[in-house]
């Protein structure tokens, strides 16, 4: 799949020379610093970025010496790809505005072919639009202008017997004969089934956008909720009137007025924490749309025993389907799609619907929703229940970013307990699969509320609660508070083994099996959700299963990256745009992968997730390159798999900050 790689370059000579020149090796463990063996350390005064960049140039200039046996077949740095890709766009006249660190981020999201070939013609099919088609129909003209193939193996043709991208494929030679005709393997095509589930037709989008989708199940719950809220509001008003009448004799009471909330509409009342009748699960009272005369009993709902299973957190951007497939290869039990906005789903936005896609290898798969409106979230669940194959739906109450929080979604829901309860109840009323919740310990550091929320979620019938041991205010800084997670785990959640038992998973700062089992044993949680640790080392799930720290070689890690690219070309496509998307998401992932410190380089195990490594070199040049924080080196790695990046390609990492300020 990769282009021709030049002869291997030396790492051992360079690393031994650099280590020998270091006059101040750090061989003792310092708090916050990864304890790397002295022979791999760069000179202490040197900045890691400058040292790695200098080392990269030195490595490319030398021959192959001293490679480890584990990496005998590891491809090396291609010296022909030494061009500077740093974007030097001028920011002097940029409009000053508030926002996060990514407001000026540059990412090339779309790179087109020079000649825009009609997609139908590219597949070898006649275009029904004829001359009115705005795209080119001249295949020869397109092929003459097209960039040369990246490789001679097309993963889509190899897997299915046909490449959906035809002449637009960047691996065209794998399925085009000597006469320039597209090749198809009819036998393989007939025997192959799609590996991707929850791929929706355009009809679903049209029905959602034209308000023709059947939301009768969610409408029934929303009507019942509105009636109950109105009744509860009337009762509160009556109680307030009685209190007012009993104090009419006092001057203060004579001047006071009482506002009756009965006339307020649903949108105003849903944030109020009105006293409702004892919570009931509306599911028993709402008919299933396919069997309107038969009420569904709670025991008929799908059940999942989450206890003791490894769980890959839903991760925005980097938690895509190809990455989840990598984690499944390493043995993760539970996967969850990227956080989806409920409002975008019910509007039929294709990009949001694509977040529901699931690979067939994901045997326990859920989707995560966020929203600030009860009716919208409930309708989104109603739609998912009818059209998607999922095993559970998770409600996000942990997202800390301003855009979500300020709208009252994500961790903003923690400030609206009444809305939160009605939202969870509504989700359960329209779903035939379990409802789970992910939440933070608090909004503010000094006002933790997780201990109060946990039994509430149990009473509402949540199938699983996952607690991130940080507050919204804390975001991703400092260490997660596992002692507080332990307190929440000791609240009343039912009896283990009973149908109404709600397991609690902890989340935060897990980077190895010792972290995982310590939390299980000491903090009495039922399991752990792993986020940042899986991004830095997806093989963490294999380590947990075998209870060992795996000294994975750079060659094995590079093979993992190649598999990710294969999965990416299947998922995003093997045309120019698909290759660009695959490259972009590989680089997004590399912004975490480069933070891993190989086990064999550490004096003390295990690596701590918030420790910063000093400047170091690896045991070979590829291991050194993989540890580089320089984006140009990340692009170089992508070049070794996906061919040289286009001159127009630009990428700024989304997660620029150090390991203490990203997802845990």
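Note: Cβ is positioned from N, Cα and C throughout, glycine not excepted.
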> Pick from 25-53, 54-82, 112-140: which range does TrEMBL record as zinc finger?
Replying inline: 112-140
>> Counting only residues 6 or more past its boundaries, what in the same chain has a CB within less than 8 Å of a CB in the domain 'C3H1-type' (112-140)?
In response: 146-147, 164-168, 180-182, 575-577
> In the same chain, who gets a Cβ under 8 Å from the domain 'C3H1-type' (153-178) while lying at least 6 residues past its ends?
Replying inline: 1, 113, 117, 119, 121-124, 139, 142-143, 147, 184-189, 192, 566, 569-570, 573-576, 578-579, 643
